[in-house]
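Beneath this line is the structure, given in structure tokens, with notes to follow.
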Amino acid sequence: MTWLSGLYFISIASLVFCVIGLILSGIILISRKFLVKTHACKLKINDDDSLTKTVDSGRTLLSSLLDSGIPIPSPCGGKATCKQCKVKIVKNADQPLETDRATFSKQQLEQGWRLSCQTKVQHDMCLEIEERYLNASSWEGTVVSNDNVATFIKELVVSVSPEHPIPYKPGGYLQIRVPPYKTNTSDWKQTMAPEYYSDWEHFNLFDRTIDNSLLELDSANKAYSLASYPAELPVIKFNIRIATPPFINNAPNPEIPWGICSSYIFSLKPGDKITVSGPYGESFMKENNRPLIFLIGGAGSSFGRSHILDLLLNKHSTRDITLWYGARSLKENIYQEEYEKLEKDFSNFHYHLVLSEPLPEDIDSGWDKNDPEKTNFLFRAFELGQLSKLSNPEDYLYYVCGPPLHNSSILKLLDNYGVERSSIILDDFGS
């Protein structure tokens, strides 16, 4: 009976531990509500009394505006890396922070320009906000599906009301609102095909509890490029990569948290409700006759798909369009069948798939590991397969989206070939 006694003791200890955790969580919540003193602050916008908002002190200006129905874009999720949540405080601006000094000129700082994700609301302020942000809106959507399309990338499909369509453009993005939540990564198997389990098990990623139940509302909203194009409304799509902690001995570092927004999205199931705001974006299509080259890697597939499908299926463009897409292996490739069909249906569309680390089964299926235009880093394959053969590379428009190293490699390569920065449309969320 000794082992039963030990099991009983462990069960009691676990129960006590859980109860203590709940009590401490309750104390924190109560303390925040009753002990942290806040006061009402007025935010006067564009010198228009009708736009004045009353908010509680202590929160960031970004979250205060969002909660007041003015969703300022913050693609990086409030980490001060994308530099897009700029607001001009024309009265009662606090001293600039280091993040502000790294973003704005001395003259701009004196004029009151600040990053709203870093600015705390402590008193009344007068703000100047661009009209396009005042016209942004929020929508509630229902998750249709949330399946893995690669080992660490999901395709989130959401249905919004057809009566209130989102007026977005291809290449645009929406912010996803993150509420307080708690999840366990083993539950994510419900929306993950078994073929992806082995890599998650190899890195010990299952059975990890991610507790953001005390998350301050609107403190971690993040923007994601749309993978859909407007003709697909009322359905919208995103490709979203999970932000895991760095690995130590094939396991996530327990000292570093998982990505707040990506973990929330990976926990979503069909039928769940989510809130998005926007639309935003600058990386739209330039309407001219210049030929197009898309250089896309990983979850940048969202950006590429939105533009390419709109050009071919909606606008019936006759422009020459080339897509170079880079993935590690065939298992990590996204939208291959869709692009291969487009290549058959449209003579002006050309699709090149490049694998950096093809698996043995990829080689067995016929993938040529010795062809440097197929097995390589994407920027090298692109140079060998197309760029070095162009007589006038500066005549093309280049749409670039992918991981930071992908983006920097492509930009350096194009610069080496004399391509002006104005001919490169980069979708980069400051990651």
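Yeah, the Cβs are placed from backbone N, Cα and C, and that goes for glycine too.
As annotated by Swiss-Prot, transmembrane segment applies to 10-30, with the evidence given as sequence analysis.
Under the heading domain '2Fe-2S ferredoxin-type', Swiss-Prot lists 41-133, citing sequence analysis as support.
Taken from Swiss-Prot, the feature [2Fe-2S] cluster binding site covers C76, C82, C85, C117. Taking the Cβ of C76 ([2Fe-2S] cluster binding site) as centre and 10 Å as the limit, one finds 18 other Cβ atoms among all the protein chains shown.
The annotation domain 'FAD-binding FR-type' is assigned in Swiss-Prot to 136-286.
Minimal Cβ crowding within 10 Å, among the binding-site residues C82, C85, is found at C82. Within the same chain, residues at least 6 positions away in sequence whose Cβ sits under 8 Å from that of C117 ([2Fe-2S] cluster binding site) are T60, L61, L62, S74, G78, K79, A80, C85.
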